[in-house]
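Below is one structure; the comments refer to it alone.
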Amino acid sequence: MTAGAADRTVTGASDSHVQGRRLIIAVDGPSGSGKSSVCRAAARRLGAAYLDTGAMYRAATWYCLDRGVDLDDEAAVAVAVEELPLTISTDPEHQTVTVGECDVTESIREARISESVSEISTNRAARALLVAAQRRIIDQAGVVVAEGRDITTVVAPDAQVRVLLTASAEVRLARRGLQMGGGQPAEALQRQVLARDARDSTAVNFTEAADGVAVLDSSDLTFEETVDALVSRVESVR
Ligand SMILES: Nc1ncnc2c1ncn2[C@@H]1O[C@H](COP(=O)(O)OP(=O)(O)OP(=O)(O)O)[C@@H](O)[C@H]1O
Ligand SMILES: Nc1ccn([C@H]2C[C@H](O)[C@@H](COP(=O)(O)O)O2)c(=O)n1
């Protein structure tokens, strides 16, 4: 992503920046642990911006596939990510992701993207570009909840709140199944959740908490209890 592209990377940041406050809430965790849904809800409650960094990896994947880039060609992928014309909103009420003129908010969630995204996330040059873009967005945002796999460790290791959100594999598979409407073959769910985690883990560690990162295990918590636990951590440092 070029410097020019960085300027159009973000839209719809919350009013937190206007208030002149800076607070970064960094959340990592495996697939299906609840990062997106819990962080979006927490951002709403806190009046904060919300950054879904996984959506950026997904948009990069969509762009490479759209342009017919061979995902095994590391250099070609890096070139494509460098020129990626990405715009992502940080408004927790309205998540939109566009690539050029194309609204990809829905299409980046398709199974074909989930099954290819690790090819981008394990490409070092692509990661470096996306991490730099994420830092720029976080810098502009004021109060922001940013979630992904390496926010607590690489993107914003100096965040005031750093949380590893986890849940057992069994619970994560069940949640993802429910989220997708139920009835999916167990093998398809495992491919989307556990196999993807295994591939992504070769690039970054999101299964163990780094020093100073608090573990929030949501296996036995309801959704609201999990949001409450995250918001309480934020309130304790505000
Ligand atoms: N504590 C919880 N109790 C019950 N359901 C939950 C809880 N936390 C999240 N969920 C539900 O689990 C599903 C998966 O959550 P979500 O999509 O936020 O996970 P994720 O970690 O962002 O996954 P991925 O990294 O694959 O995008 C959603 O339907 C969400 O509402
Ligand atoms: N900080 C991040 C965020 C995401 N990824 C990768 C890993 C996932 O397979 C993919 C999509 O993320 P999701 O939408 O499932 O949260 O992006 C990463 O490597 N680092």
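Cβ atoms here come from the backbone N, Cα and C positions, even for glycine.
Database features, via TrEMBL:
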- 25-235: domain 'Cytidylate kinase' (DOMAIN)
- G29, P30, S31, G32, S33, G34, K35, S36, S37: ATP binding site (BINDING)
Anything from the binding-site residues G29, S31, S33, S37 with its Cβ under 6 A from ligand 2? List those in sequence order.
S31
Lowest local Cβ density among S31, S33, S37, which the record lists as binding-site residues, within 10 Å:
S37
For the ATP site (G29, P30, S31, G32, S33, G34, K35, S36, S37), what does the 8 A shell look like? I mean other same-chain residues with CB within 8 A of the CB centroid.
V38, L165, A167, R172
